[in-house]
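For reference, the structure is listed below as structure tokens.
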Amino acid sequence: MLAEIKGINEECGVFGIWGHEKAAELTYYGLHSMQHRGQEGAGIVVSDGKELKAHKGLGLVNDVFKHAKFDDLAGQSAVGHVRYTTQGGRGIENVQPLLFQSQSGGLALAHNGNLMNAHKLRGELEEQGSILQTSSDTEVLAHLIKRSGNKTNEETIANALNQVVGAYAYLIMKEDKMYAALDPAGIRPLSIGRLGDAYVVASETCAFDQIGATFEREVLPGELVTISDEGIKSTRFAPRNGRKMCAMEYVYLSRPDSNVNHVNVHSSRKRMGIELAKESPVEADIVVGVPDSSISAAIGYAEESGLPYEMGIIKNRYVGRTFIQPSQELRELGVKLKLSPVRGIVEGKRIVMIDDSIVRGTTSRRIVQMLKDAGALEVHVRIASPAIKNPCYYGIDMSTRKELIGANNTPEEIGEIIGADSVAYLSETGLEEAIVKDKTINQGVCMACMTGNYPVTKDGETEIQYTKC
Ligand code: SF4
């Protein structure tokens with residue numbers, strides 16, 4: 001479904017390139033391909049080997065760089081960021097990459113994830129005399145790096161990383177080096193690619209395809225990768241444990257053409273649809289997917305059930321950005337503006353409506369109503385993931401427990417609330433099997449928002465207090 005009306009929001013995407021004369025332009029294209037990961041702000045910091053320069057702003061990548069002169073961003077290396085913001089975290093000061101200057105040079109940071117102990121660390125830093133200029137948890141890491149030693153190197157970064165707890169994919173850049181780091185559970189995605197002699201790092205592999213780079217490898221949990229003119233070097237700041245990649249990256253967040261931890265997102269979604277059809281068949285005439293992220297699962301459901309897949313709902317791609325503000329009022333208006341039923345397809349039909357997930361239920365209710373108004377005889381809702389019952393503390397903004405319809409209602413009750421003839425979810429096992437095709441490579445996934453089994457906890461400190469990204 002549509003990110004901006006659904007109630008699940010990705011918390012940013014990072015992109016970095018080392019050793020290419022068009023570093024800033026390529027970063028712009030890389031960020032553009034990851035626009036779905038954040039639409040509130042974007043930025044690029046470039047290094048020419050002597051100094052770091054930034055260009056950032058609020059809005060979509062295109063808006064931010066519309067009047068940018070890439071000649072002013074000349075350099076062979078760059079890091080970039082797209083950002084989704086929660087209420088209170090808006091403002092240019094929170095747009096990343098954050099750039100700090102000191103006597104020992106510049107330091108740029110771009111982050112995807114959430115630091116669970118940011119509140120505590122921030123309090124400690126302030127007590128010790130630090131003045132923080134943003135409400136972003138990313139700034140906390142910059143201060144910890146500086147406090148770990150005069151120079152920024154593997155040791156000071158590792159020292160700082162060992163003090164933070166949570167989910168994070170970091171890109172850190174100095175004038176002469178770039179660092180990529182992933183949290184010890186590997187919850188957020190981060191991959192390394194090559195473009196000729198240049199190295200590329202990105203949250204999603206679709207960014208590599210966009211600029212013609214090839215995938216090289218994943219950054220591993222607890223790994224700190226250093227990239228410089230001397231090449232690439234790997235060190236470890238935490239022991240290697242089993243990976244717990246965010247299951248929602250496959251269900252909903254990532255682009256279908258991305259491979260997340262070696263698994264193609266479209267293919268995993270299709271398998272979710274196949275499993276769902278096996279677990280929850282229904283007598284119907286057609287299968288319809290809610291665009292865009294549910295289409296792959298709907299294709300899988302249709303294939304397994306033998307029912308025809310039809311385009312019963314279309315998405316209006318030309319609705320302006322005015323309607324993608326994260327407020328309830330505009331979210332509800334946004335459903336009508338962005339999705340339309342195809343009357344000629346759905347009229348007189350019993351429909352299996354596939355959606356990737358259900359958060360508050362308000363959007364599902366409107367879509368079901370829309371299909372029935374267009375003449376659908378029955379609408380059976382099948383959700384290609386288990387019920388979301390718990391909040392995420394690892395960087396995905398998805399409503400409070402009180403608002404989560406799956407936390408407080410059975411599928412039958414949800415059916416009544418949203419006006420559907422039946423509702424069924426994919427099982428936890430079904431989802432895991434659809435994602436983890438090869439345990440030796442994929443190891444495992446985080447499904448905490450569905451199961452309540454959080455892979456990372458810190459002294460009960462799970463409240464999100466600062467703007468995350
Ligand atoms: S809790 Fe849910 S959204 Fe958050 S990282 Fe885990 S699977 Fe992803």
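Using N, Cα and C of the backbone, Cβ positions are placed for all residues, glycine too.
Some features that TrEMBL has for this protein:
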DOMAIN    12-230  domain 'Glutamine amidotransferase type-2'
ACT_SITE  Cys12  active site, nucleophile
BINDING   Cys246, Cys392, Cys446, Cys449  [4Fe-4S] cluster binding site
BINDING   Ser293, Asp355, Asp356  Mg(2+) binding site
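For ligand 1, the nearby binding-site residues are Cys392, Cys449; that is, of Ser293, Asp355, Asp356, Cys392, Cys449, these have a C-beta under 6 Å from one of its atoms. In this structure, Cys449 ([4Fe-4S] cluster binding site) is part of a helix by DSSP. Considering only the recorded positions Cys12, Cys446, Cys449, the Cβ with the fewest other Cβ atoms within 10 Å is that of Cys446. Neighbouring residues of the recorded [4Fe-4S] cluster site, listed in sequence order and excluding Cys246, Cys392, Cys446, Cys449, comprise Ile187, Ala247, Met248, Tyr394, Ile396, Met447, Ala448 (Cβ within 8 Å of the Cβ centroid). Taking CA atoms as the reference points, Ser293 (Mg(2+) binding site) and Cys12 (active site, nucleophile) are 18 Å apart. The separation of Cys12 (active site, nucleophile) from Asp355 (Mg(2+) binding site), Cα to Cα, is 23 Å.
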